[in-house]
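Lifted from Swiss-Prot, the feature list:
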BINDING   Gly7, Leu8, Asp9, Gly10, Thr11, Gly12, Lys13, Thr14  ATP binding site
Amino acid sequence: MIYILEGLDGTGKTSFASELIKSQVFSRPMYVYFSKEDSYENTKLAWVSLIKELSKLNFNIIMDRSIISTIAYHFTYRPSKEYENFIRSELESVLNLDPSKAVFIHFVKVHDSKKLLEYANRVKSIRDNYHLLMRILREKGFNVIVNGGQKDFNLF
């Protein structure tokens, strides 16, 4: 199973992943950090290649971010049907995940707001993008768990 941790900076994704690995809930977890900083086109290529390889593995994988973060951070949210269709189209072309083999955990509560300073003027747009993306993922049959942070470690 691939567990994908998503959400704004400072919401506890990396801390959660570290605790999950230390807890030994999974016998052989693999941790993958996926940066949101590269260009969108480079990130799409890297994502498609990464997922192709990870899909061959037969153990639990914990991903700290995914192509979802790249979409959320790179595009300015617009509340229109055209924008939603654009996002749907992007997901169709790059996601390459089987809903029965992936779980998205959406971290929503910001614990370290200093990490958001770099994006201060875009936080609402990024958050709105995440909400749209998670809704679309649910519609596609993915299990999306909303997580408030470290206190919700008992998900596993």
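Including glycine, each Cβ sits where the backbone N, Cα and C put it.
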With the ATP site defined by Gly7, Leu8, Asp9, Gly10, Thr11, Gly12, Lys13, Thr14, which remaining residues of that chain have Cβ atoms positioned within 8 Å of the Cβ centroid?
-> Phe107, Val110, His111, Asp112, Lys115
In chain order, residues whose C-beta lies under 8 angstroms from the C-beta of Asp9 (ATP binding site), counting only those at least six residues away in the same chain, are Asp112, Lys115, Leu116, Glu118, Tyr119
Out of the binding-site residues Gly7, Gly10, Gly12, the residue with the smallest number of other Cβ atoms within 10 Å is Gly10
Listed in sequence order, residues with CB under 8 A of Lys13 (ATP binding site) and six or more positions away = Leu5, Glu6, Gly7, Asp64, Arg65, Phe107
Using a Cβ-Cβ cut-off under 8 angstroms and a sequence gap of six or more, which residues of the chain neighbour Leu8 (ATP binding site)?
-> Phe107, Val110, Leu116, Val123, Ile126, Arg127, Tyr130
According to DSSP, does Leu8 (ATP binding site) fall in a helix, a strand, or coil?
-> coil
Within 10 Å of the Cβ of Thr11 (ATP binding site), how many other Cβ atoms can you find? Include all protein chains, please.
-> 23
Thr14 (ATP binding site): secondary structure state under DSSP, collapsed to three categories | helix
Tell me, how many other CB atoms lie within 10 A of the CB of Thr14 (ATP binding site), whichever protein chain they belong to?
-> 16
